[in-house]
Amino acid sequence: LAFCRGRVVRVPKGPLIRVVGTEVVIPCSVSDYDGPSEQNFDWEFSRDTDFVRIVSTWDSTFTSEEYQKRVGHGDIKLRRSSNDAVELVIRNIQPSDQGRYKCSTPSTDATVQGNYDAEVQVKVISDGLSVSGSKARSSMSLRLSEGDSFKLRCSAITTSPEHTHLHVTWQIKSGSTWRDILSLTHEGKFQPGPGYEERYRNGDIRLDTGANDTYPLSVSQASSVDGGAYRCLVSEWVRGADSSWQKIQEKSVEIASVAIQRTDVVISTSNASVTERDSLDLTCNITTDRSGIFQAEVMWYFSASPDDTLSDAQVLLSMDRDSVVSDSTLVSLSHVDRNSYRLLVRDVDVEDSGYYFCQAAVWVPLHNRSWHKVVERTSAPVGVVVTALEPDYEVFLNASKTPKFSDDPTELNCRITNVQDREANIRFTVSWYYRQRLRSDDVVTEELLATMDADWTLLPGDRSRERTQNGEIIFFKKAVDTFSLRIQWTSESDRGDYFCVISAWSRHRNNSWVKSKDVTSASVSIFWATQDYTLTVEAVKLKPFFVAGHTFEMTCKVSSKNIKTPRYSVLITAEKPLTDQSNPNGTTRIISLNQDSVVRLEDWTDQTRVDGVVLEKVQENEFRYRMYQTQISDAGLYRCVVTAWSPGGGGMWREAVNGLSNPIQIDFQMSG
């Protein structure tokens, strides 16, 4: 069947109705042909019977003299759309161009089959379309407030002799391109432009058909996106012979330039940083050029973060459009002027530091006496810093007891002085610190000995916890303005620098205590030089010569250095000749006197002379030894063994050093 059909040349089914002065495009295509893929086309025109050559794709001499000027100026031209299709373009068509147009294709087929040309009738009608805006020659300018409503009017009418339909489109240009808002198509359908679908469904964008062929555009709830130039674009359509709609012309007119004044909500303040107990004054300003009747609804919010949403923020206070304010004790809201609403927070607290913002809604009255909310806006947050009201005071640290030796007590007093404007809402606590002293330049961090929280609960540090629990370190309040630290028995490891920190706490409205200030004292050094203990014991025989049966008497005098309040214990020893079988070791412990002056017989075993030896304390550092009724067996070397004791922790005695006296000899042969 395809082989029998042969070449087919096609043009639109006529007549083609076109408006004088418009551009006409007549397409022509060929199919089912042999030869090269790119085909050539010739166009001819006839008003009656004879055809006049217009233009060709392949023969530059094809154009007749009648059309050479129009073709040369480009008013008539061919535009190839593909290898097998072209378009005849006639600009500014005139009534004289009405007639039959024939499209022909030279044969490239092996055999002549099918049709090689096709004709279409073009009918040129007069321009009966009129489009206008307001009565003024130029477009009008509108300056509106956000949330307002406005209406723009466009008039379109046609007196075309043909049965044509109009397609009306409202467009806006806010940049360099026009965008469709809403159309009433030639088929009688409303068609919102991209981005206007929801507003059309809500009734905020409407296109009505009014009397006198007017097409008014109504816009409600105007926003900033509605600012720009508006035009009315009208096209005229006719149904072709093939029942399809064809646009035969299009006209537009700029109607108005619309400026939308944005309604802004801004917080103004002169004291974004305030001191505790002062008042915070913020004003919410609604920026609008609205001149008619309106009421504002204002709500103030507080948030700890500038990024919080309204649902996360705390509502401080609100005022409805009737100026009714919600209740609050310390916060007030007043209507200062038409567009300003003042928030006053009295007796601010540190906890009032944060971000404040206000939300304002503008309401306008409607004809039915109801109110309509036209716009709602939230301000940017304003950061407010409330500075704590710091008490003015000084701290003085001194040592009421300083150790000179190990195990001496240490007592430090941290005193608060020169307190200015002290209030009942201020309380003081102390923290104690220790810093080890080093001879090098090494930096030593302080160690916390103890601190107090706001309710005066003592919290010992790691360094002092065990000794505090044992009662070796005591923290106490000596007076209303004095905190004290006592080390009962100071050790060498306690030597170093001590300082205290007095913290002031302020009581807030919710009765919680918040630290407002720290003042650190100068450090006090606890140090004493450590030297080796020395002990010297000197024994003296009181009677240089005596015989058996007489009394032996010797004294021991003790001297010591670098020992704190020493006490001495004394032991009398005797070194017997090696021939004395009673003591093969050579040294006998006879009698002792301890540091508490308690006497004890040691290795004295002579039952007949139980009271024959006496050791007594003559002075703090002098001791006397007597031995009555001496016997030949008492011969030997006698010494004083002395131990020095110093007071230790907990009332105990601590052994410091030992000393041995020179020997005193008992020799009866020599003394006889």
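Glycine too: its Cβ is placed from the backbone N, Cα and C atoms.
TrEMBL annotations:
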DOMAIN    21-113  domain 'Ig-like'
DOMAIN    146-254  domain 'Ig-like'
DOMAIN    263-360  domain 'Ig-like'
DOMAIN    391-520  domain 'Ig-like'
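Per DSSP, the domain 'Ig-like' (21-113) is made up of 11 helix, 37 strand, 45 coil.
Per-residue confidence over the domain 'Ig-like' (21-113) averages out at a pLDDT of 91. Assigned with DSSP, the residues of the domain 'Ig-like' (391-520) fall into helix, strand and coil as follows: 8 helix, 73 strand, 49 coil.
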